[in-house]
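Trainee: One structure coming up, written as structure tokens, with questions to follow.
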Amino acid sequence: MDQKVGFIGCGKMAQAMIEGMIKSKIVQPGAIMASAVTDETLRSVKEKYAILVSRNNIEVAKHADILILAIKPNIHNAILNEIAEEVDEQKVMITIAAGISLEYIESFFQTKMKVIRAMPNTPSLVGEGMSAICHNQQVNQDDLEKVLLLFNSFGRTEVIVEELMDSIPAISASSPAYVYLFIEALADGGVKQGIPRKQAYKLAAQAVLGAAKMVLETERHPGELKDDVCTPGGATIEAVAALEQGKFRSAILTAMDECTKKTKQLSKKN
Ligand SMILES: NC(=O)C1=CN([C@@H]2O[C@H](COP(=O)(O)OP(=O)(O)OC[C@H]3O[C@@H](n4cnc5c(N)ncnc54)[C@H](OP(=O)(O)O)[C@@H]3O)[C@@H](O)[C@H]2O)C=CC1
Ligand SMILES: O=C(O)[C@@H]1CCC=N1
């Protein structure tokens, strides 16, 4: 695509997206410019991705057709005040911060801007990201197609209504953290049985990847897929019963409620 992409903030999430975009060849490294605060980050991303870097957020805002705010929620205020004069109505502005609304971003500008709120996740780094996005009325079909092309270059994207955005961290943006806990626990269980640690991580991670692919590619109900694994009177159903006793599902639902509660608190702060 011929769009220039800018990242204000180039930490973990921005780098995951940049790596995914570059690997998929959807944008040339020279069309991407990113800013950060420390020399260490600027040097390292320049070296890793051969993208343009700057300590100057205004320079990034000027460079970009699609400008991505990949900074913490609590510094949006300062950054938006800093760049407000430099962003015109042609640019598409995207925030990936938890709890930052379209209306909040719009409020920094005199004129109606094209704004998108996105919630990606770190597996974007390996092209298996999951992003949810919503947009305001200024974003037209052509803008949306370009942004979808960009986001789909590092995974899948769902367009949703803004009312649901605060619920996305719990299900797909924060959830990789819980999946890593699960993989670590599976590997610990393997190690307990004598499986070498390195092999245990491979066995556990591939099982999770395969199970996820089964859900996506067969489109069968997860409960049905679970039933296929549980041989009557066999070993798996014993494990499932133990997990139910340990309130496995209930623990996940509670964790998601806590995640959403915190996201909503972040929303209120801004
Ligand atoms: N991590 C995740 O899994 C996800 C995060 N998000 C959202 O992404 C956003 C960023 O998170 P994450 O990447 O994890 O955070 P990081 O702390 O890894 O990155 C933040 C980046 O912002 C830079 N920064 C800080 N202050 C400024 C400034 N004044 N001007 C320019 N850049 C600045 C930092 O620079 P330096 O490196 O020099 O310190 C750093 O590169 C958050 O809003 C979060 O809600 C959304 C989805 C998933
Ligand atoms: O923990 C956070 O607030 C961010 C949002 C989604 C993932 N990380």
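Heads up, the Cβ atoms here are built off N, Cα and C, so glycines get one too.
Below are the features I grabbed from TrEMBL:
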{"type": "DOMAIN", "residues": "4-99", "note": "domain 'Pyrroline-5-carboxylate reductase catalytic N-terminal'"}
{"type": "BINDING", "residues": "ILE8, GLY9, CYS10, GLY11, LYS12, MET13, ALA70, ILE71, LYS72, PRO73", "note": "NADP(+) binding site"}
{"type": "BINDING", "residues": "ASN57", "note": "NADPH binding site"}
{"type": "DOMAIN", "residues": "162-266", "note": "domain 'Pyrroline-5-carboxylate reductase dimerisation'"}
Trainee: If you draw a 10 Å sphere around the Cβ of ALA70 (NADP(+) binding site), how many other Cβ atoms fall inside it, taking every protein chain shown into account?
Mentor: 26
Trainee: In whole Å, how far is the residue listed as 'NADPH binding site' from LYS72 (NADP(+) binding site) when you measure between their Cα atoms?
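Mentor: Per the Cα atoms, LYS72 (NADP(+) binding site) and the residue listed as 'NADPH binding site' stand 15 Å apart.
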Trainee: Take the C-alpha atoms of ALA70 (NADP(+) binding site) and the residue listed as 'NADPH binding site' and report the distance between them in angstrom, rounded.
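Mentor: Cα to Cα, ALA70 (NADP(+) binding site) and the residue listed as 'NADPH binding site' are separated by 12 Å.
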Trainee: As a test of reading the model: what is the averaged pLDDT for the domain 'Pyrroline-5-carboxylate reductase catalytic N-terminal' (4-99)?
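Mentor: 96, rounded to a whole number.
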Trainee: Tell me, by DSSP, whether ILE8 (NADP(+) binding site) is helix, strand or coil?
Mentor: strand
Trainee: Given CYS10 (NADP(+) binding site) and the residue listed as 'NADPH binding site', what distance in Å do their CA atoms have, once rounded to a whole number?
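Mentor: Cα to Cα, CYS10 (NADP(+) binding site) and the residue listed as 'NADPH binding site' are separated by 11 Å.
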Trainee: Compile a sequence-ordered list of residues in the same chain as ASN57 (NADPH binding site), six or more apart from it, whose Cβ lies below 8 A from its Cβ; state 'none' when nothing qualifies.
Mentor: ILE8, SER35, ILE79, GLU82, ILE83
